[in-house]
Structures are given as structure tokens and as C-alpha cells.
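The structure appears below as C-alpha cells.
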Amino acid sequence: MSLFRRVGIIARLDKPQILDTVKKLMEYLQEKDIAPVLEDQLATMMPGVKVASSALKELGDHCDMVMVVGGDGSFLGAARAICNYDIPVLGINRGTLGFLTDISPHNLQEELDPIFRGEYHEEKRFMIEAKIKRQNRPSGEGIALNDLVLHPGKSARMIRFDLFIDDQFVMNQKSDGLIVATPTGSTAYALSAGGPIMLPKLDALVLVPMHPHTLSNRPIVIDANARIRIVVCESNLTYPSVSCDGQLNITAAPGDEIHITKKAGGIRLIHPKNHDFYNVCRDKLGWQSSYRP
């Protein structure tokens, strides 16, 4: 008998082939006497299908596992929505890179059978949260699995800000912004900005400057439990934004303080038993694959 009896399904909605994959997934689950629970918007895209559905934010109340059909962006959105539930998440890749979505849509049964027999690898990925204070009052907040990014928003101007770690002054920086990335996010935007790749199991964060005016400003790897404080200097003529996984933007103002910390809990990510992070890097990043001893 499967360890999972009710499986929530979240999917990207803009591609017909994704709905085809969802239908195949539902048939697979029902054949195994596992009840699928569709996210509400997905359910509206599949008229005539008689299965349970739920609002995204409440999906974790109705299932003991969630499957995401889409790419890394879909997975990130799902992670933020269900992160307060202690349920595992599995990704079926219908995107491009697919660092977080391991299962091929072309081999569903072959790749899912072992997982529903309990033959899988599970790892915990932590998340981070940002809280913006304006004149010591809350102004906005957001969470991220990949990264929180301070950027100019709609303006092409550089930003000047002060950076503090655990209340110790680090630097005053003038740049296009700052990426604060988790190990999960180290292979995303932070990597393209010159940051290092971090193993997913590391309890660390990387701070990556974006086009700093001082060329000696380099990425810094810090303890994941450190308290980061960014003060947007009063001299700025623009209102920068804080982006959460590139999907949610919060506007900051000159004088605002941005507090970034590790979020309690996290995401339980399911991988196939043979999952290998270095193999994923070779495949997704185009590393040389031949071994020459």
C-alpha cells in the first residue's frame, strides 16, 4: 500500500501539454487507489473531471503529498503556498531547466512506481523571509525558496544601501542591488550574477552584489541563521523593490530597513532514489560529462 493516500496536484496553466500530463497523472493515481486533489484554478481548466479540488493556500489541509507539474517557477510558487504544511513535494518537469522537478513526463509510471513503494530520497530545503520596516513600522513582507533580491525596480538608477550582518556593519554599497540566495537558489539568479554553487544540504546563504560600482565587492557566504539588515540610504532618488523568487515584488523606500532571516520550517523535497546533485549540474548546466581518469 502506498504511503500517500491523497495527492494534491498543482500545475502551470498556459500549456496544453501540461494538462495532458495532469490527466495521465490523475489516471495513474486513481489506478493505485490514490485520490488526486486539484488546485482550484487547475480544476477549472479541466471541466467534466470529477475529483476533489482546493484553494492553493489550503491544499495542504486536504492531502499528504503535493505534486507540481511545470518548471522550477511553478515549483517555487507552490513551495511558498504550502510551506507551512509538513508534507512532501515532488516535481514533474514541464519547464526548461528543471533543477527542482526531477520526474520526466514521458516516463511517469516507470519513475513514480518506486516512489509510491516508498523508495525515494527526501531532503529538507530551508526558506528565507524578508520584512520591510518603514519608520519602525511593518511595510511589507515575503518569503522565498530560491532568493530575495533587492533591485532598482522600474528605474535604471543604481541603489546605495548599508549592509549589516548580525548587527555588525559590513559595507556601504552602490550597485544594481543585492541577491540573497539559499543553497537551492545558488544555481539560479545568483549563479548568473557570479555567485558560487552551494550543495543543497549546506546551512548557508550567499550574498551576491549585482554590478557593484566598487569591483572589490564580491559574493559572501554566511551562516544561514545570521540576521541580515539592509538599510536603503536616504540619498536614493528611486524606490527599489524586493523580489521573492522573482515572482512577488515588494516596494521599498529610501530610509527603509529590510530584515532577512531564515524562515522556520521549510520544504520536504522528494527525489528518486538515484538522485545525484552533481549529475543534475552536469545535465542542466552542460558540464563535461565524460570521465577521463
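Including glycine, each Cβ sits where the backbone N, Cα and C put it.
Per Swiss-Prot, the NAD(+) site holds ASP72, GLY73, ASN146, ASP147, LYS174, ASP176, THR187, ALA188, TYR189, ALA190, LEU191, SER192, GLN247; the candidate it also names there, chosen from ARG137, ARG157, is ARG157. When the binding-site residues ALA188, ALA190 are scored by other C-beta atoms within 10 Å, ALA190 scores highest.
ASP72 (active site, proton acceptor) sits 10 Å from ALA188 (NAD(+) binding site), taking the C-alpha atoms as the reference points. Site extent for NAD(+): the farthest pair of Cα atoms among ASP72, GLY73, ASN146, ASP147, ARG157, LYS174, ASP176, THR187, ALA188, TYR189, ALA190, LEU191, SER192, GLN247 sits 31 Å apart. Here the recorded positions are ASP72, ASP176, and the one with the most other Cβ atoms within 10 Å of its Cβ is ASP72. A sphere of 10 angstroms centred on the C-beta of ARG157 (NAD(+) binding site) encloses 12 other C-beta atoms.
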